[in-house]
Amino acid sequence: MNKLVGLLVSSLFLASILIGIAPAITTTALTPPVSAGGIQAYLLTGSGAPASGLVLFVVNVSNIQVSSSNVTNVISTVVSNIQINAKTENAQTGATTGSVTVRFPTSGYNAYYDSVDKVVFVVVSFLYPYTTTSVNIPLSYLSKYLPGLLTAQPYDETGAQVTSVSSTPFGSLIDTSTGQQILGTNPVLTSYNSYTTQANTNMQEGVVSGTLTSFTLGGQSFSGSTVPVILYAPFIFSNSPYQAGLYNPMQVNGNLGSLSSEAYYHPVIWGRALINTTLIDTYASGSVPFTFQLNYSVPGPLTINMAQLAWIASINNLPTSFTYLSYKFSNGYESFLGIISNSTQLTAGALTINPSGNFTINGKKFYVYLLVVGSTNSTTPVEYVTKLVVEYPSSTNFLPQGVTVTTSSNKYTLPVYEIGGPAGTTITLTGNWYSTPYTVQITVGSTPTLTNYVSQILLKAVAYEGINVSTTQSPYYSTAILSTPPSEISITGSSTITAQGKLTATSASATVNLLTNATLTYENIPLTQYSFNGIIVTPGYAAINGTTAMAYVIGALYNKTSDYVLSFAGSQEPMQVMNNNLTEVTTLAPFGLTLLAPSVPATETGTSPLQLEFFTVPSTSYIALVDFGLWGNLTSVTVSAYDTVNNKLSVNLGYFYGIVIPPSISTAPYNYQNFICPNNYVTVTIYDPDAVLDPYPSGSFTTSSLPLKYGNMNITGAVIFPGSSVYNPSGVFGYSNFNKGAAVTTFTYTAQSGPFSPVALTGNTNYLSQYADNNPTDNYYFIQTVNGMPVLMGGLSIVASPVSASLPSSTSSPGFMYLLPSAAQVPSPLPGMATPNYNLNIYITYKIDGATVGNNMINGLYVASQNTLIYVVPNGSFVGSNIKLTYTTTDYAVLHYFYSTGQYKVFKTVSVPNVTANLYFPSSTTPLYQLSVPLYLSEPYYGSPLPTYIGLGTNGTSLWNSPNYVLFGVSAVQQYLGFIKSISVTLSNGTTVVIPLTTSNMQTLFPQLVGQELQACNGTFQFGISITGLEKLLNLNVQQLNNSILSVTYHDYVTGETLTATTKLVALSTLSLVAKGAGVVEFLLTAYPYTGNITFAPPWFIAENVVKQPFMTYSDLQFAKTNPSAILSLSTVNITVVGLGGKASVYYNSTSGQTVITNIYGQTVATLSGNVLPTLTELAAGNGTFTGSLQFTIVPNNTVVQIPSSLTKTSFAVYTNGSLAIVLNGKAYSLGPAGLFLLPFVTYTGSAIGANATAIITVSDGVGTSTTQVPITAENFTPIRLAPFQVPAQVPLPNAPKLKYEYNGSIVITPQQQVLKIYVTSILPYPQEFQIQAFVYEASQFNVHTGSPTAAPVYFSYSAVRAYPALGIGTSVPNLLVYVQLQGISNLPAGKYVIVLSAVPFAGGPVLSEYPAQLIFTNVTLTQ
């Protein structure tokens, strides 16, 4: 057969192939998804299933609009059109034993709508005890089938959302034939209520299927039917949810690409994969050890290659001379010669050779000499042959005779000795056959002798697996088996043997042909004598030759009865040459062939069947299946299961088909950003499904070769232990230092707790012949033979360019890199099992080049961690460096079938692309008034986490430093990434001046020699070129530099590019004042505490609040244009406040870099770091209007300061307290008593008092300054508020006028009550005593319309008021009820009067009250 076949030959797959006990089934492998308007059914099994016999019916309604308004109608319409056929069948014959078709009742059912998956669904409970009662089903469990339930609650038939769903009992459904609810006497319902008994006793299985009768809803058509669902059976592979066709869950996750749909109709499985199945076993409960038999076959005969492992013949059948040199097979076993003689010893000159064993026929003893022909003579065995059997004909039948060694306790293990010498040496062997001496000359060959045979044979193979499976929901057992287990696999086939004999009266000669082209000769067999000839053949394939063998030793007897009879008898013996034969591997039945002739001379021919059976070594079983053609795209596999506890064989078969897929390699899209920061890398995905070897621990497993039970046979198979690694890669690439991996003789596992958890067992581990190279720069997996000879080298080969790929250390064992596939995620039936994708993360960086770890310098290519490579290159080699990945499949089948097309090997190159770096000024023009012009270097490959710096040094060198860059524990290395080539200025007259890049010049030209990355990982760094420094170095002024061109040139080592930035230097206008506004300070005027004169006290000005701050507006359009996209600010550099008693100042000292504050006394109040004076902020980006204000405040205090009369120009003292302070960075700094700066303008006892202050302010834009004067004025503030007595009290009066308030309520004053009650408060805490001044006017002498008297008062009085500690809103005394004393008013005539009240600090003093200043009572009656 041609080895290379197509990826899928569907027509051949679907052929019915007889294997073992039943044909391959062609039913659905996996329940197909539900199409729009269709229906499907799923058996609810597995972990979390709440009961047995639950079937989920799903109708896809995605083709119509479903909303809250119509969901009830949609559910009822859909459910009313679902019909279910429930039946019972004989599991062996398929005959129907009962059937009923049911529908849902019009009410009383449980149905739901899933708004995410857009399906209507209903769960029916069919089996006891839930045939008549509902069972609750958690949404978390149902989400395995309907993932949308994880994110949204379903709606029930009433339209309400629910948190769980309930089943509809089978017994509540309506029999469509009667229109009535099915009765308990219904045979199907009766069977379902006793399903275990029915299955075990009557071989019954229960089957249900659904049909959606055709209907129209929302203008869309609905119809369809489900796959049959088997509820229970005696012991079968379930057809739901996984069907009898087994499948790998990775198939339905897109990993088969265009072949994904095969999972539903044609279950293809790649080699060495976990495949899923569900068994229904009503005989079992709890944990059951199952044995699975896998039968492999392909259509038609196969062409197989075999090689001669041994030639065994009686000495009379050997040529008199021939050349021979033993061939060493892949496992180290050597081919040998077997010479049968009657001599007790053979002689070779002076050398005497002892026999390896002997056998006896009819009393005559024959000696067997097993010899390897090599370079020396040895009396010590070089290898052994186990259980060599000779069949011989007798007069009536064929008899077997084992060849024994009487000197050995293991009498069937025959030693093989070596004879020989240098090439060309002739060995002459002498021995007898019967009584005739024979001499044979063997010349030692210069090349090994290997005889090959080719045969056309119809082959099949059988393998066994064992796994202990437990369940929480009998009778369903879900498990996983291996598609091609590493176990002893029996490969069998049928051929023929043909013989032609020439018979004479005294002797006969014959030729025997077997295995198509293997010919054995028998020369001159005398009558009544025996003659022997035979071969031992081994598979003629590099990886498995010498591991297993088939022995054919044929004995011939020439006899005379009534006819001349030439009889042949041959043994057919499977052998494992490196292992003792397994207990179940017995000699096959002998074959025989007889040639008869009534008279001689005569020539006769004959034919007889010949059997072939190889038992593979577990570690090479997969390779053997491939080499023999039994695993490939034409492979059909049937699987039977055996319940070892109940001794039951599955009634039906599971099945799957083989598939071999070539690998592919790809990268996720990437650009320069994949190579910048430490967490950036390129992901390379290698797709090689057939090579999945080592899944993650949660989905991996171990196999052990242990005795298994299958029917009445004891066989050996692979016992699967989930939870640990299957394969144990180790070893060193090459021909030496090979470590196969020691067998683990004892397993210790925890108790089984789930379907895939391990059990305790003891045995020997079989490792697949698949070991890993430990050189991470040339990471190979390779199939290596037992003697260390590599056969298939595969895996990932990596070549780094342009620098060599050296390891980070000189250690002899740097460790090897596992290519681990990803793990499948929930809701995969086997979460954690391997996917067919290997994800390899590749970092390429120059940033840690030259870093050291211990004593080792980091550079080149090395492994950072599992599945992660780092390629470290010099910065000058970074762009254009690449990693060339060559992936050779590690799967033998892929190599075998795709070798001729080369598809077994794929390539990918990951290269670092170039980028466009940029050196630029922010504007094509630069105002010369700026202190410096920004210069930006944008180089993406310089990008790194913050902070990252570039330092400029002598000659313009740029040193890159990124202290926070760490890649797998290795920090970045400071390195030179480029240099400034030149800085020049071309004047307006065309003259170009180049500035030498000396240390002094660099320090003058660059305000900061360190540029910081502006944003993490973006690679943009900001520098600044000093305009003043440029003027200094060129000895030019602003006018001379006007309209000149500044040029900077930089060379980048990483990209190899030379970058140039230019800007035109332009002289622009200075800043100018546009507007300014005065500040306002409020004072509270009162009188200094009583001084002994009741009618006079000195004025006391208490500073209370700054009600308005001084502000300025400047125009500086040129400054704004330096960065028109940003809102800029002008800085204040000096503020001097000049007042009545002196001046205070706040200024920035650019030399010291400090802000200095001095008060009105000339004292330094504070020295602050940096310029903390207020700034003027641009109103909008680029508009050039800047505005800002000074921030003054009043700091209250109790220190009363006397203001000299020389300052106030009065004849009396003036007092003040409260300090004027400036606010900087949120903190107030006192400049001195506010009254020493300014006082309100008031007239006090005929004298004018008052003064303003002036703030002299200097503003700078970094180039020029502007100074302006802004006044600060003072206002007198009167805090006392008066209000008439009212209930409830209203104080202060709401909405009262500032000056006068007339109260026209009736007031009566009697001689007994010469008082007037009012309420008094202060809007600021007022701690001093004050007077309520009362003036009384006759009503006829007061104009109430103007609020003014027309004559002098007829009475006045003063009433003292004081509250402790203070009067006022927010104090403990918010207001006072004051009785204004009017003693003596009764002396006035009775009549109508007007009383005017106001608050004064002392008698005759200024008014302290406001809102109103005067409280006027216009309706006062005085009685007598």
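Heads up, the Cβ atoms here are built off N, Cα and C, so glycines get one too.
According to Swiss-Prot, the signal peptide annotation covers 1-24. Residues or ranges marked as N-linked glycosylation site by Swiss-Prot: Asn60, Asn295, Asn377, Asn581, Asn714, Asn875, Asn955, Asn989, Asn1018, Asn1093, Asn1134, Asn1419 (among others).
Annotated features taken from Swiss-Prot, shown on the structure.
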{"residue": "Asn60", "record": "N-linked glycosylation site", "contacts (Cβ under 8 Å, 6+ apart)": "Val34, Ser35, Ala36, Gly37, Gly38, Ile39, Lys118, Val119"}
{"residue": "Asn377", "record": "N-linked glycosylation site", "contacts (Cβ under 8 Å, 6+ apart)": "Leu351, Glu418, Ile419, Gly420, Gly421"}
{"residue": "Asn875", "record": "N-linked glycosylation site", "contacts (Cβ under 8 Å, 6+ apart)": "Tyr846, Asp849, Gln975, Leu977, Tyr1053, Val1054"}
{"residue": "Asn955", "record": "N-linked glycosylation site", "contacts (Cβ under 8 Å, 6+ apart)": "Phe979, Leu997"}
{"residue": "Asn989", "record": "N-linked glycosylation site", "contacts (Cβ under 8 Å, 6+ apart)": "none"}
{"residue": "Asn1018", "record": "N-linked glycosylation site", "contacts (Cβ under 8 Å, 6+ apart)": "Ser938, Pro940, Gly943"}
{"residue": "Asn1134", "record": "N-linked glycosylation site", "contacts (Cβ under 8 Å, 6+ apart)": "Ser1145, Val1146, Tyr1147, Tyr1148, Leu1173, Ile1256, Ile1257, Thr1258, Thr1267"}
{"residue": "Asn1419", "record": "N-linked glycosylation site", "contacts (Cβ under 8 Å, 6+ apart)": "Tyr1303, Asn1304, Gly1305, Ser1306, Ile1307, Lys1392"}
Notebook entry, point to check: Whose Cβ, among the glycosylation sites Asn295, Asn714, has more other Cβ atoms within 10 Å than any of the rest?
Noted result: Asn295
Notebook entry, point to check: How many Å separate the Cα atoms of Asn714 (N-linked glycosylation site) and Asn295 (N-linked glycosylation site)?
Noted result: 17
